[in-house]
Amino acid sequence: MLQPRPHASKHRRRRGLTAAPHVTSHPRQSVPSSWISDIRAGTAPSCRNHIKSSCSLIAFNSDRPGVLGIVPLQGQGEDKRRVAHLGCHSDLVTDLDFSPFDDFLLATGSADRTVKLWRLPGPGQALPSAPGVVLGPEDLPVEVLQFHPTSDGILVSAAGTTVKVWDAAKQQPLTELAAHGDLVQSAVWSRDGALVGTACKDKQLR
């Protein structure tokens, strides 16, 4: 395990000044009883996210195309291995993301060319049978999606050569970024949400 190494500024050492004490902290060790294990997940021919977590839930691709497994983080004992299954799409779930503003709001993108938003319930309640919002369909499978880090209800998605920024409440795109020469393989927001970057199969970053 790497530990932080205390050090003083070079300028302070040259002047003969004593550096303030450097406080080191050690990560809290988890115990096996807090682990979530022995859960069967699926394999998928996609390089995007196949597992995501909020502070309350974990969502992951199951061994059935279009179906996610949902596990609450607050469960105890056998509850941590009790998987609820959410039928999201008619084809493979290619990417998923939880809202940074709401632990129970999940967005899913799929090879069925749609983006869907799901309001997940608290522990012990039944999963929804239908999404709250459907965005699309797109012309090609949705490869990428991510919620905006600072604006609630805004997300970016990529399908084929097209990137769209969506307003989920209005169920319509705010803007479309079509200046890509090939398949868009990744999209990510800057931490302040002012910029969105894309990586493309044409080997260009934008």
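Numbers here mean position along the shown chain, with the first residue as 1.
Any Cβ shown, glycine's included, is placed from N, Cα and C.
Feature annotation from TrEMBL assigns compositional bias 'Basic residues' to 7-16. Annotated domain 'DUF1899' per TrEMBL: 5-77, in sequence order. Marked as region 'Disordered' by TrEMBL: 1-34. The repeat 'WD' annotation in TrEMBL covers 86-120.
Here the repeat 'WD' (86-120) is broken down by DSSP into helix, strand and coil counts: 0 helix, 23 strand, 12 coil. Among residues of the same chain six or more beyond the repeat 'WD' (86-120), those with a C-beta under 8 A of the stretch's C-beta atoms are 44-46, 48-50, 52-57, 59, 61, 65-70, 127-129, 131-147, 149, 152-153, 155, 157, 159, 166, 168. Mean pLDDT across the domain 'DUF1899' (5-77) comes to 65 in this model.
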